[in-house]
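J.: As annotated by TrEMBL, domain 'Nucleoside phosphorylase' applies to 50-295. Residues or ranges marked as phosphate binding site in TrEMBL: R90, R134, I135, G136, T137. The substrate binding site annotation in TrEMBL covers Q213, R215.
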Amino acid sequence: MDSKAEGSAPCSSPVYVHNPHLDALKEDILYHFSLGTETHSLQDMFGDVKFVCVGGSPWRMKAFTEYIAAELGMEDPKSEYPNICAGTDRYAMYKVGPVLSVSHGMGIPSIAIMLHELIKLLYHAKCTDVTIIRIGTSGGVGLEPGTVVVTKQSVDPTFQPRFEQVILGKTVVRNTDLDQSLAEDLLQCSKELNQFKTVVGNTMCTLDFYEGQARLDGAFCSYTEEDKQDYLNKAQEAGVCNIEMESSVFAAMCKLSGLRAAVVCVTLLDRLKGDQLRSSHEVLHSYQQRPQILVGYYIKKQLNAKAKDS
């Protein structure tokens, strides 16, 4: 299952799956997408995809689709962008030209399920040279709200760059490195935009929003304000710039499949100064647009460069 797609250019990079059992399937049903290899022509539908952007909410990913369509001059004011996964309520998927936009829900289990099926979709569609970027929100650590963080490494709650999963009763540890050249390209794009502060740093990925992130405002809390501050200070000393709940498995699975990957999240608050979001809806909405502005600029720049070379 790891061989390059037949007829690919010598320098192209395919999408890998590592599962010999897939060869024995008459049909591969991508259940949570309501797609399948027998019911849909995945290569015709997705074979031209070069950029995949994923984010938590269906609404946000539809908004990104509308935004990138306008940026690339592909918008159609008379039509709605159809949800390709309309047969299910688990995830939403939209496509404009070579850009695929997919929601992943909240937390490691939800994004992991989505990524399994997305990676297989890209594999069956014989896509090559795909870049995938997670865009989202996060809590900052010592950063002003509205700062965009491009992840260098995803670290666990003990500040180690790893993703652990129990498979058949055994703990499997996977690497969480992301593509550093892509991170630097995104940082350069932010400098060219010159609209908001962007930094490259480590992102801590947790299993939960409250206790796992040292919040004091959950239904349960067994530690003090001093304990919380001590922990977050240690995180900052370890290079952690922000906290979210998906980056570790995202980094691990993209690395395994050969996808060039990045995580771009805006900080909605500084966790050293509080736990609850007190900014207005308008301010939070403007913050949430920053990752899509940066990633949209990057995609447009890449496509323009390829058009000049061709």
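Keep in mind that glycine also has a Cβ here, set from the backbone N, Cα and C atoms.
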J.: Could you state the whole-number distance in Å separating the C-alpha atoms of R134 (phosphate binding site) and Q213 (substrate binding site)?
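T.: Pair distance, Cα basis, whole Å: 20 Å.
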J.: R215 (substrate binding site) to T137 (phosphate binding site): how many Å between their Cα atoms?
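T.: Cα to Cα, R215 (substrate binding site) and T137 (phosphate binding site) are separated by 16 Å.
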J.: Take the C-alpha atoms of I135 (phosphate binding site) and Q213 (substrate binding site) and report the distance between them in angstrom, rounded.
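T.: Roughly 20 Å, rounded to the nearest whole number.
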J.: Using a 10 Å cut-off, grab the number of neighbouring Cβ atoms around the Cβ of G136 (phosphate binding site), all chains included.
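T.: That number is 21.
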J.: CA-CA, which of the binding-site residues R90, G136, T137 lies nearest Q213 (substrate binding site)?
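T.: Smallest Cα separation from Q213 (substrate binding site) among R90, G136, T137: T137.
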J.: When you measure from the Cβ of R134 (phosphate binding site), how many other Cβ atoms are you left with inside 10 Å?
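T.: I count 28 other Cβ atoms within 10 Å of it.
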J.: Going along the chain, which residues six or more apart from R90 (phosphate binding site) have their CB under 8 A from its CB?
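T.: H32, F33, G105, I113 - these are the non-local Cβ neighbours of R90 (phosphate binding site), listed in sequence order.
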J.: Tell me, roughly as an integer, the mean pLDDT over the domain 'Nucleoside phosphorylase' (50-295).
T.: 96
J.: Counting across all protein chains shown, how many other Cβ atoms sit within 10 Å of the Cβ of R215 (substrate binding site)?
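T.: Neighbour count, Cβ to Cβ under the 10 Å cut-off: 18.
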J.: Suppose we draw a 10 Å sphere around the Cβ of Q213 (substrate binding site). How many other Cβ atoms does it contain, all chains included?
T.: 23
J.: Might you list, by sequence position, any residue in that chain lying six or more from T137 (phosphate binding site) with a Cβ less than 8 Å away from its Cβ?
T.: G56, E244, C265, V266, T267, L268, Y287, Q288
